[in-house]
């Protein structure tokens with residue numbers, strides 16, 4: 001079977017881009033460590049993108065609310081584009097450029113992190129979100145395509161992928177997402193962060209056990225009282 005050049009060409013393009021992106025491993029490490037500190041301390045990650053980048057942003061939040069590899073407590077992470085009712089209401093009432101910015105003002109708190117993904121680095125709604133985040137004291141990270149671009153300039157930190165096609169940029173963004181998650185989990189495993197989250201989970205578990213025990217005790221007491229009454 002003949003494999004057409006564009007097919008293997010994409011693999012070649014991806015291999016080159018991935019090789020170049022290895023030089024950014026220290027940034028994904030730093031972001032993962034920082035995210036562990038923020039989320040482990042009760043903070044939140046907000047994430048947004050358009051189209052394929054929205055899927056990558058939601059992939060990141062899913063890894064944090066669920067898990068990346070091993071079991072661990074859930075952490076607060078919201079993909080802003082996933083709330084279709086809010087997104088469409090804001091677009092209808094305030095315009096598309098405000099769909100993420102208004103949600104950042106609603107959900108973001110000082111010390112939180114906003115992750116924005118854009119292959120062009122020029123999406124107006126993401127630039128507005130970055131402005132809203134900085135005004136709220138929320139740190140802005142961006143995953144973009146080639147530098148320079150407006151989103152890179154409007155972020156606190158950015159990782160720009162040097163690749164000729166949108167598809168390859170998005171694939172490298174997914175690699176970056178997994179690298180960040182690996183660094184995040186490693187920081188938790190080292191015990192540097194997440195003690196509050198783990199402690200909260202343990203406290204919740206203890207409270208639930210106490211409530212179950214109290215309920216059992218109340219039920220047993222009611223049963224004994226009923227038996228005495230029947231006698």
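Numbering starts at 1 and runs along the chain as displayed.
Cβ atoms here come from the backbone N, Cα and C positions, even for glycine.
If you look up Swiss-Prot, you'll see 35-190 marked as domain 'SIS', on the strength of sequence analysis. Note on the domain 'SIS' (35-190): mean pLDDT across this stretch is 98.
The substrate binding site annotation in Swiss-Prot covers 50, 51, 52, 63, 92, 93, 118, 119, 120, 123, 170, and the record cites sequence analysis as its basis. Within the same chain, the residues at least 6 positions away from residue 118 (substrate binding site) whose Cβ sits under 8 Å from its Cβ are 49, 50, 53, 126, 142, 143, 144, 145, 149, 151, listed in sequence order.
Per Swiss-Prot, the feature Zn(2+) binding site maps to 59, 63, 170, 178; the stated evidence is sequence analysis. Here the Cβ of residue 178 (Zn(2+) binding site) has 15 other Cβ atoms within 10 Å, regardless of which shown protein chain they belong to.
What Swiss-Prot lists as region 'Disordered' is 197-231.
The compositional bias 'Low complexity' annotation in Swiss-Prot covers 197-206 (among others).
Marked as compositional bias 'Low complexity' by Swiss-Prot: 214-225 (among others).
When Cβ atoms from all protein chains are considered, those within 10 Å of residue 59 (Zn(2+) binding site) total 18, not counting its own.
Residues near residue 120 (substrate binding site) in space but far in sequence (CB under 8 A, at least 6 apart, same chain), listed by position: 144, 145, 149. Overall, the recorded substrate-binding residues 50, 51, 52, 63, 92, 93, 118, 119, 120, 123, 170 cover a maximum inter-Cα distance of 32 Å.
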